[in-house]
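Participant: Here it is: the structure, laid out below.
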Amino acid sequence: MSPKTETKASVGFKAGVKDYRLTYYTPEYQTKDTDILAAFRVTPQPGVPPEEAGAAVAAESSTGTWTTVWTDGLTSLDRYKGRCYDIEPVAGEESQFIAFVAYPLDLFEEGSVTNLFTSIVGNVFGFKALRALRLEDLRIPPAYSKTFQGPPHGIQVERDKLNKYGRPLLGCTIKPKLGLSAKNYGRAVYECLRGGLDFTKDDENVNSQPFMRWRDRFVFCAEAIYKAQAETGEIKGHYLNATAGTCEEMMKRAVFARELGVPIVMHDYLTGGFTANTSLAHYCRDNGLLLHIHRAMHAVIDRQKNHGMHFRVLAKALRMSGGDHIHGGTVVGKLEGEREITLGFVDLLRDDFIEKDRSRGIYFTQDWVSMPGVLPVASGGIHVWHMPALTEIFGDDSVLQFGGGTLGHPWGNAPGAVANRVALEACVQARNEGRDLAREGNEVIREASKWSPELAAACEIWKEIKFEFEAVDTI
């Protein structure tokens, strides 16, 4: 390099390290309608000012790095950088802050949850200047959400396919989750569907193990579906889990399900990955299959209050990536879920337009425009005594799924399904007549059990079962 070139290269470039807040903390910034907005719960290391911590998050999740680089001069950082535009303390927590960050739309590939998350929840979560970091919420602008297909079909199309209206749908996860042969598994599916359930489900652990290979399970479950449909006159389904070790194998299983003529398949979207999930969702729309989503592994990501990512973000990501159902907690069962927080992300799954409501953990107003909605699935430790509360909490556009609460019935699988269907129909009728399920729910169940021996037996066996632990996920 000549002396002349060296002199020219040094002009306008000052090497070294400077505070992130000098570039990435911009409290005067006015957010744009096209910006992706994020709310991070930030716990800085001792001695790190909140403005520096928030700016570091904005920098490390967009254009910044630990030192000034000369190639910054080859682009417009003001156009592409993330900006921490507001910081507020978290009430009741020492040294925790909510940092609001705005990202320009051009930072992200269209239609890719994978790329979105690689930036926003990528390496920044291991940044040493932060003791902990949690992504509480995202605002997805219509300019970005319209680049996604979203759910394969959505709530209304599913109801039309099933010809079922005016009530929640009923499901059951086949138990034991592992160890049954394909034929015995299919028998349990048939008995539950014949008894009155709309769906049965593969457990998320069920893929293609030595005791039951996937193709055998698919065939016996399809036989069970058609037999139950013929006997009941209702459309039935079983969530055939297409999750596999490779995308190619996953698609092969989905294709076989379509060839069998079944209405719905299933995917574990977090363990399977967003790229695989989006590919499957596109296939399902093109081929008329509904897509049930299980959230296995979510608690590894969202259970800790100060680090990770809240489930409402994972729920938004799923709506964009694609799924017609997703598990979302029960409020009343054995799994984590505080009522207002749960209903907040349930609305984010189902509704077209959701107003900002910090009391429910919703940090931003979200407009999904025309993207179809997703049915929330309540599953985990629920039984007939929970039916009034579930009907009142989740409303008609939901799936209520009773695994042990069906298969644990003392008289067998079909009577367990009958008990749940009777309880649901009684609760829906009582609600439609103007009765208060929150106050009169137990009485509604007792009245129905007088003419349904199956329900009476279920009420007796589960009358003492409760899961009374305080929720971790609170505001």
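We count from 1, first residue shown onward.
Positions of Cβ are set from backbone N, Cα and C atoms, glycine also.
Sequence annotations record features per position, and here Swiss-Prot assigns N-acetylproline to Pro3 based on sequence analysis. Annotation source Swiss-Prot lists N6,N6,N6-trimethyllysine at Lys14, citing sequence analysis. Residues annotated as substrate binding site in Swiss-Prot, with sequence analysis given as evidence: Asn123, Thr173, Lys177, Arg295, His327, Ser379. Sequence annotations record features per position, and here Swiss-Prot assigns N6-carboxylysine to Lys201. The annotation Mg(2+) binding site is assigned in Swiss-Prot to Lys201, Asp203, Glu204 on the grounds of sequence analysis. Among the features that Swiss-Prot reports, site 'Transition state stabilizer' is placed at Lys334, with the record citing sequence analysis.
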Participant: So which binding-site residues are near Asp203 (Mg(2+) binding site), with CA atoms within 10 Å, out of Thr173, Lys177, Arg295, Ser379?
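Facilitator: Checking Cα-Cα distances against Asp203 (Mg(2+) binding site), the binding-site residues within 10 Å turn out to be Thr173, Lys177.
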Participant: So, three-state DSSP: helix, strand or coil for Asn123 (substrate binding site)?
Facilitator: helix
Participant: Highest Cβ count within 10 Å among the recorded positions Lys177, Lys201, Arg295: which residue is it?
Facilitator: Lys201
Participant: For Glu204 (Mg(2+) binding site), what is the secondary structure state per DSSP, taken as helix, strand or coil?
Facilitator: coil
Participant: Which binding-site residues from the set Asn123, His327, Ser379 come within 10 angstroms of Glu204 (Mg(2+) binding site), judged by C-alpha positions?
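Facilitator: Near Glu204 (Mg(2+) binding site), where near means Cα within 10 Å, there are no binding-site residues at all.
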Participant: When neighbour density is defined as the number of other C-beta atoms within 10 angstroms of a residue's C-beta, which of the binding-site residues Asn123, Thr173, Ser379 has the lowest density?
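Facilitator: Minimum Cβ neighbour count within 10 Å, taken over the binding-site residues Asn123, Thr173, Ser379, occurs at Asn123.
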Participant: Identify, among the binding-site residues Asp203, Glu204, the residue whose Cβ has the fewest other Cβ atoms within 10 Å in this structure.
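Facilitator: Looking at the binding-site residues Asp203, Glu204, the Cβ with the fewest others within 10 Å is that of Asp203.
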Participant: Sort Lys177 (substrate binding site) into helix, strand or coil using the DSSP assignment.
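Facilitator: The residue in question, Lys177 (substrate binding site), is coil (DSSP, three-state).
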Participant: Just to be sure I understand the packing, how many Cβ atoms besides its own are within 10 Å of the Cβ of His327 (substrate binding site)?
Facilitator: 22
Participant: Check Ser379 (substrate binding site) against DSSP and tell me helix, strand or coil, would you?
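Facilitator: Note: Ser379 (substrate binding site) is in a strand by DSSP.
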Participant: May I have the list of same-chain residues other than Lys201, Asp203, Glu204 whose Cβ is within 8 Å of the Cβ centroid of the recorded Mg(2+) site, in sequence order?
Facilitator: Thr173, Ile174, Lys177, Asp202, Asn205, Val206, Tyr239, Asn241, Met266, His294
Participant: Pairwise over Asn123, Thr173, Lys177, Arg295, His327, Ser379, annotated as binding substrate, what's the top Cα to Cα distance to the nearest Å?
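Facilitator: Largest Cα to Cα distance for the substrate-binding set is 37 Å.
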Participant: What whole-number Å value do you get for the CA-CA distance of Asn123 (substrate binding site) and the residue listed as 'N6-carboxylysine'?
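Facilitator: Cα of Asn123 (substrate binding site) to Cα of the residue listed as 'N6-carboxylysine' measures 36 Å after rounding.
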Participant: Using the alpha carbons only, what distance in Å do you get between Lys177 (substrate binding site) and Lys201 (N6-carboxylysine) once rounded?
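Facilitator: Cα to Cα, Lys177 (substrate binding site) and Lys201 (N6-carboxylysine) are separated by 10 Å.
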Participant: Roughly how many angstrom lie between the C-alpha atoms of His327 (substrate binding site) and Lys201 (N6-carboxylysine)?
Facilitator: 12
Participant: Between the binding-site residues Thr173, Arg295, Ser379, which lies closest to the residue listed as 'N6-carboxylysine', Cα to Cα?
Facilitator: Thr173
